[in-house]
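Below: the structure, in structure tokens.
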Amino acid sequence: AQGFLEKYGYLHEQGHSHSVDEVKSAVRQFQWLSHLPITGILDDATLVKMAAPRCGVRDRQSQKAWTEKVHNIFTGGNKQHLRKKRYTARKGERWSKQQLSYRVVTWPRNLSRRSVRLAVNTAFQLWSNVSGLLFLEASHGPSDIRLAFYEGDHNDGTSNAFDGPGGALAHAFFPRRGEAHFDKAERWTLNGHKGHNLFLVTAHEIGHTLGLEHSPVRHALMSPYYKKLGRRMLLSWDDITAVQQLYGKPPGGAVVQLPGQTLSWVMQDWELAEHTEGGFEQPHYCQSLFDAITVDGNGTIMVFKGGLFWTVSSEGNVSDPLPLRQRWPHLPFAIEAAAFSPLDAKMYFFKGRRMWRYSGSDLDTGFPRESHESGLPHHPDSAFFYSPLGHMVLFKGPRYFVMNLETLHPEPYYPRRLADWRGVPQGPNGALTWADGSLYFFREQRYWRFDPKKVRVTGAGTWAQTLPWTGCNRTLSLFLNSILGY
Ligand SMILES: [Zn+2]
Ligand SMILES: [Zn+2]
């Protein structure tokens with residue numbers, strides 16, 4: 001217990017002998033932060049808590065930082081003044097810029113690099129969603145924040161040496177050292193059934209690299225103890241206040257939060273993808289690239305990405321991400337094209353060599369169907385219902401197909417060359433018919449507006465410069481506001 005209290009900053013000067021009062025006071029402080037009855041006695045509950053998996057960063061400054069934070073909140077008044085004051089008071093404990101790069105330097109054993117990068121990217125995004133920070137992944141060379149997996153003693157002091165499975169899982173340094181270390185001996189997972197969830201631990205350690213101390217709020221991400229991914233929001237008000245005091249609010253002020261339940265669905269998808277052959281090459285959650293986009297009969301836009309989709313109502317309200325399979329059972333994740341047909345009020349999905357058709361949430365009999373049986377292309381780039389033709393259009397590389405929805409076969413004389421669509425690029429991710437009759441094509445971070453009357457592209461632009469590092473919801477609203485004029 002004494003070793004623990006020294007390591008975590010409750011007792012000073014290692015190896016020094018401590019008076020009974022010093023130890024009692026240290027135990028009381030530990031109990032306060034750990035939500036145990038504050039007795040100052042090393043009882044069973046206290047010892048059990050000391051052995052629980054946790055972050056290896058000291059708790060020492062927590063109570064002070066907490067008191068200061070609460071004081072700032074309740075004294076209110078001139079926030080700008082308070083923020084300035086706090087900036088100077090904590091000089092050297094925050095980054096002086098808002099855009100930071102990061103890189104994973106060494107890797108764990110039992111997760112693929114792809115999964116690790118997904119977990120890390122999403123963890124950074126969690127913080128950029130609620131603050132003025134932007135994060136960029138650096139593929140090589142120097143970066144502001146480096147994440148590494150080490151075993152045992154790894155040259156940053158004996159008190160930082162990792163202790164094998166359990167105990168300290170990871171630790172990180174306050175700004176501007178920019179390092180987070182993870183115990184390579186832990187069993188790291190994404191779904192958290194066995195072992196510890198790398199995404200959660202990374203999100204916590206990033207908090208330290210940004211200058212956040214441990215939080216005494218039980219459900220805060222910055223609480224020192226390892227938690228499982230539950231249903232609640234990952235960041236508590238305390239986490240958000242702390243990061244905003246250092247770096248301000250997100251541009252526009254809108255905070256984007258994802259419920260733990262959604263994140264755990266996302267992670268199940270990653271886990272699934274980890275064990276699925278081929279496919280799923282762009283699983284980056286919430287990146288600028290989406291799999292498909294369409295609009296239903298009520299004017300509700302649906303954006304598809306991996307195992308999730310978002311809806312945007314005709315008033316411009318963006319939903320939380322929803323699991324694909326909840327709405328369309330049996331649909332695989334990472335579909336390649338999707339389109340709603342107002343003709344039969346059905347949803348069509350395409351992936352690989354197959355096609356799915358749904359009436360509401362019911363998969364129509366005979367589906368999924370092999371695309372080649374209908375003379376349709378494999379792996380279409382995009383699909384959309386085109387009212388001037390009254391048919392579904394499928395883009396595939398340099399050609400396009402016009403599909404008759406009654407026969408499910410291409411119309412005669414198709415496929416034809418894409419050049420018919422003057423100005424439309426090859427390989428769009430998706431297309432959307434808007435209420436004014438114009439057609440929008442999307443590819444990566446660009447869009448093209450096609451005028452069906454002039455039969456050519458009449459406008460184009462970029463909509464996603466900052467997109468990979470901001471929240472999906474916020475980005476969608478911004479994008480739709482700027483292009484479609486909500
Ligand atoms: Zn910590
Ligand atoms: Zn270390």
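Numbers here mean position along the shown chain, with the first residue as 1.
Positions of Cβ are set from backbone N, Cα and C atoms, glycine also.
According to TrEMBL, the protein carries these features:
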| type | residues | note |
| --- | --- | --- |
| DOMAIN | 91-249 | domain 'Peptidase metallopeptidase' |
| BINDING | Asp163, Gly164, Asp183, Glu186 | Ca(2+) 3 binding site |
| BINDING | Glu186 | Ca(2+) 1 binding site |
| ACT_SITE | Glu205 | active site |
| BINDING | Asp291 | Ca(2+) 4 binding site |
| BINDING | Ile293, Ala338, Ala383 | Ca(2+) 5 binding site |
| REPEAT | 332-378 | repeat 'Hemopexin' |
| REPEAT | 425-472 | repeat 'Hemopexin' |
Chain-internal residues, separated by at least six, CB under 8 A from Gly164 (Ca(2+) 3 binding site): Gly152, Asp183, Ala185
Field: Asp163, Glu186, Glu205, Asp291 filtered to the recorded positions whose C-alpha is within 10 Å of Ala383 (Ca(2+) 5 binding site)
entry: none
Message: Using a 10 Å radius around each Cβ and all protein chains in view, which of these recorded positions has the most neighbours: Asp163, Glu205?
response: Glu205
Message: Can you work out the mean pLDDT of the predicted model over the repeat 'Hemopexin' (425-472)?
response: 75
Alpha-carbon spacing, Glu205 (active site) to Ile293 (Ca(2+) 5 binding site), which is rounded to whole Å: 35
Message: My understanding is the cutoff is Cβ-Cβ under 8 Å with a sequence separation of 6 or more in the same chain; which residues meet that for Ala338 (Ca(2+) 5 binding site)?
response: Asp291, Ala292, Ile293, Thr294, Met302, Phe304, Met347, Tyr348, Phe349, Phe350, Ala383, Gly430
- request: Using a 10 angstroms cut-off on Cβ to Cβ distances, just flag whichever of Asp183, Asp291 is the loneliest among these binding-site residues.
  value: Asp291
- line: For the repeat 'Hemopexin' (332-378), the DSSP residue counts stand at 4 helix, 21 strand, 22 coil
List of residues, in chain order, with Cβ under 8 A from that of Glu186 (Ca(2+) 3 binding site) and at least 6 apart: Pro108, Pro165, Gly166, Leu169, Gly195, His196
Message: So if I draw a 10 Å sphere around the Cβ of Ile293 (Ca(2+) 5 binding site), how many other Cβ atoms end up inside it?
response: 26
- prompt: Relative to the mean position of the Cβ atoms of Ile293, Ala338, Ala383, the recorded Ca(2+) 5 site, which additional same-chain residues have Cβ within 8 Å?
  reply: Ala292, Thr294, Phe304, Ile335, Ala337, Ala339, Phe349, Ser382, Phe384, Gly430, Ala431
Statement: Within 10 A of the CB of Ala383 (Ca(2+) 5 binding site), the number of other CB atoms across every chain shown is 28
